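Encoded as structure tokens, the structure appears first; notes follow it.
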Amino acid sequence: MAAHQEKKTSGERKHKSTQNDTRTSQVQWGRAWEVDWFSLASILFLLVFAPLIVYYFVMSCDQYQCSLIDPLVDLLSGNKHLSDIWNKTPTLTYRAAGIYTLWVAFQVFLYVFIPDFCHKFLPGYVGGVQEGAVTPAGVVNKYEINGLQAWIITHVLWFANAYYFHCFSPTIIFDNWIPLLWCANILGYAVSTFAMFKGYFFPTNAKDCKFTGNFFYDYMMGIEFNPRIGKWFDFKLFFNGRPGIVAWTLINLSYAAKQQELYGQVTNSMILVNVLQGIYVLDFFWNEAWYLKTIDICHDHFGWYLGWGDCVWLPYLYTLQGLYLVYHPVQLRTANAIGILMLGLIGYYIFRMTNHQKDLFRRTNGNCKIWGKKPEYIECSYMSVDGTKYYSKLMTSGFWGWARHFNYTGDLMGSLAYCLTCGFEHILPYFYIVYMTILLTHRCIRDEHRCFSKYGKDWKRYTAAVPYRLIPGIF
């Protein structure tokens, strides 16, 4: 979307009119103000069971060779009790606490105190100080985009240690995986609780806060839109991008090192996981400035959903393929490995080019060419809380003419490729494609509900022009 601002005349900006515009905008744009019973039930389910799901998956690999069924069989048959499984689970250790504290502190240091320099010598990379999208209150936040720099510095130090300094083993993450889980949970709950407390007592911008009156919903979905400490420490950008995603590739490298230690080789399936997921992570940081325009930053408030999810859910469940391959090394036939690699690369191409088309369209306000032609679009309008009217252009050509979320289609193709590297012996590594399908389908629906609330009849015109969500001709 390409947005530009239309200032109201003084007559249009009378106090009463502004109040009415504000009230309308608050009801229609952004996170819900009222909680229906289904939303509340879903949130209570996630608050209770999401941590248990993460524990169950990690425990099943640690104690049951990654079988999701055997723990249930043992419990239901009476061969084991919950206490037996829990007693065999590694506990929090001082070593893990020290590792995790140093890790998070180091990422905070790189995020806050090292201004980006990559944009000065990497052609095409957009870093440094960038503006985000307009918030519902009409605020435009500035961000220090330095994620690629943090990733590079972190990985240079990792490889320097692995090959020269030998201060710690490359398997350190795998060797402390469950104790680190407890550390990640502590941080996830601590930051989520602090964000809720901050939203009540000292919000960064009170006009961008939302209170439903329901404690569980506000805790889960967040109160503040952009909680910050100081000028640059933005909770959403930090926890969405660091420390979890920077760690993603390190976690996979630790899994590969463990495979080498246990079996004397790294299988081609493990290499594929490292390469395909590494491309995804690098793409995220290369396009971090573009990420400021996505649903996570533009619409989601910061609560447990993002705080705990980025600390625990992402690093522990997005890396299940590598974890599985430590316990079940798979050496793929060459043809299968090439096929999986091609699926992953084609998925990445669709994901990247779809997003590139949207970004190019937005940056040029539609004055560009998509597939050799001037792009088609529908112009929409919306109101911010301060009563200012904005216009957006929604593209209806290129990949965006095929489906309204065709970037998600590419993402799902890549997700399937990760899972296929693990063969078909166990269902655990396929959790990722099942989860991503549910997540992205739900995100489609959630995003479109917000867009309909934001744009009204203009959104109906857009969906009539682009009738499919993910798969042209099907869905």
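The count begins at 1 with the first shown residue.
Backbone N, Cα and C define each Cβ position, glycine as well.
Sequence annotations record features per position, and here TrEMBL assigns compositional bias 'Basic and acidic residues' to 1-12.
As annotated by TrEMBL, region 'Disordered' applies to 1-23.
Look at TrEMBL and you will find 37-58 (among others) tagged as transmembrane segment.
The feature transmembrane segment is assigned by TrEMBL to 92-114 (among others). Residues of the same chain lying 6 or more positions beyond the ends of the transmembrane segment (92-114) and with a Cβ under 8 Å from any Cβ of it are 144, 146, 149-150, 153-154, 172, 176, 179-180, 182-184, 187, 230, 232-233, 238, 242-243, 246-247.
Residues annotated as transmembrane segment in TrEMBL: 148-165 (among others).
Counting same-chain residues at least six beyond the ends of the transmembrane segment (177-197), those with a Cβ under 8 angstroms from any Cβ of the stretch are 51, 54-55, 58-59, 62, 89-93, 95-97, 99-101, 104, 218-219, 222-224, 227, 235, 239, 302-304, 307-312, 315-316, 323. What TrEMBL records for 177-197 (among others) is transmembrane segment.
Long-range contacts of the transmembrane segment (262-282) within its own chain (CB-CB distance under 8 A, at least 6 residues past either end) are made by residues 148, 151, 245-246, 248-249, 252-253, 255-256, 318-319, 321-322, 325-326, 329-332, 337, 340-341, 344-345, 348, 414, 417-418, 421-423. Residues or ranges marked as transmembrane segment by TrEMBL: 262-282 (among others).
The transmembrane segment feature in TrEMBL is assigned to 302-327 (among others).
Among the features that TrEMBL reports, transmembrane segment is placed at 334-351 (among others). Long-range Cβ contacts of the transmembrane segment (334-351) within its own chain (Cβ-Cβ under 8 Å, at least 6 residues beyond either end) map to 268-269, 272, 275-276, 279-280, 283, 399, 406-407, 409-418, 420-421.
Packing against the transmembrane segment (415-440) from elsewhere in the chain are residues 57, 60-61, 66-68, 269-270, 272-273, 276-277, 317-318, 320-321, 324-325, 328, 330, 332, 340-341, 343-344, 347, 405, 408, 470: each is 6 or more residues past its ends and has a CB under 8 Å from a CB in it. Taken from TrEMBL, the feature transmembrane segment covers 415-440 (among others).
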Review point. Looking only at residues six or more beyond either end of the transmembrane segment (148-165), which have a C-beta under 8 A from one in the stretch?
Key: 106-107, 110-111, 114, 116-118, 122, 125, 127, 242, 246, 249-250, 253, 257, 281-282, 285-286, 288
Point to revise | Contact set, same chain, for the transmembrane segment (37-58): CB under 8 Å, 6 or more residues outside the stretch | key: 68, 71, 177-178, 181, 185, 214, 216-217, 219-221, 304-305, 308, 312-313, 316-317, 320, 323, 428, 431
